[in-house]
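Engineer: Among the features that TrEMBL reports, compositional bias 'Low complexity' is placed at 85-98. The feature domain 'HhH-GPD' is assigned by TrEMBL to 180-341. The feature region 'Disordered' is assigned by TrEMBL to 69-109, 143-166.
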Amino acid sequence: MRRRVSYNLHDCSIDQRGKKAAKPLVGIQLQDRRDADSRPRFIFPLAHSIFKFGLASSNFFRLPLALHTAPDAPEMPPRVKRLRPSSPNLKLSGSSSIPPSPDSPHKSKKLKLLDSYAADSPFPDFPHPTPDEAAEVHAILSKHHPHRSSERKDPSANNNSAQTCGGVPNVIDSLIGTILSQNTSSRNSTAAKKNLDDAFGRNNFVRIASAPRSEVVAALRTGGMANKKAATIQKLLASIKDRHGDYTLQHLAAKQVTDDEIMKELVSYDGVGPKTASCVLLFCLGRDSFAVDTHVYRLSKLLGWVPQKADRVLAQAHLDLRIPDELKYSLHVLMVSHGRQCSGCKNQGKGGCPLKAYLKERRGIKEEELIRKIGDAEQEVKEEFSETTMHGQDV
């Protein structure tokens, strides 16, 4: 006697020979063949597909599939919830006392990249933006957004560190707020930071670090990516405590500490990339640094300030050297505001935009080319976002 049963990976429907499957999706077929001694044995004719989906031998029945067979088929093991493998550096139990991780290849890559472009642009032969071009765009955006003050604001302990891109005097609070602002809207990250402060107390890093992970996740739920950000924040706090003996990074606020030294320490922590570190330098520590978020990245692509091949990290390394120090704070603020509010330089270029007018008049770019450049810039930002979220890159 020989029968064939197909288990569908998508909806767990069963396709027995002679019966139509619930959905026409491709499943993995298992051949159930009974020998003369009536003992069942299973043959996996699609071994390549099985290993492609990670269904290797002993782990096969740990998949969350509702496996059903015909009445006379051999009894299958009960459904078992698949266990997610835990990172050796993350404690997923009630306690969150996380030992600091050793240097990872990703961390080494971040530091090496930082060293490589501390003094030289990754695109040394790319001449844009010139100081005059940066000043022109600054003047245009200042006129278009008169409500946005170009004067640097001092960090305040009353600020929500997520809402102000880290504009608070406490360095760890600034870091946490900037981490919460990654890959989400200002409204969501602001709410998440308020919930975190309400749940554990403002700057009560001891409570946050020692709280059960689930409680931190619950506090950050409104901000998106709560599980990842809760783990990042608790691991960050544990690493700071292990390195400095206390939950403080205020030594970075000392005037004798250089910008490069601050940047190197900040990006050495998991979850902190060049943009996050740059925001802390700019808004918390009052240093001249040009942070490149998604809005600045998209507009820089549109303006032709970075090469087409530049990703966001390399774009920041290039622009931080090309933008004059006296314009870094206000130009960042203006570009972020414009990127959020103006519909004319996104969504296929529909509507008016002062930067489009500038590119037409000063650079001689035609409307058709502008629309193409806007579409290309939007697509590159989407790809960059997908890349960073999929591979967990620090921003």
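The backbone N, Cα and C atoms fix where each Cβ goes, and this holds for glycine too.
Describe each of these features in terms of where it is and what it packs against.
Structural biologist: Within the model, the domain 'HhH-GPD' (180-341) shows a mean pLDDT value of 95, rounded to a whole number.
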Engineer: At a C-beta cut-off of under 8 Å, are there same-chain residues at least 6 beyond the region 'Disordered' (143-166) that contact it? List them, or none.
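Structural biologist: Beyond its ends, the region 'Disordered' (143-166) has Cβ neighbours at 173-178, 180-181, 186, 189-190, 192-194, 223, 279-280, 282-284, 286, 291, 329-330, 333-334, 337-338, 341, 354.
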Engineer: With DSSP helix as H/G/I and strand as E/B, how many residues of the region 'Disordered' (143-166) fall in helix, strand and coil?
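Structural biologist: The region 'Disordered' (143-166) comes out at 2 helix, 0 strand, 22 coil.
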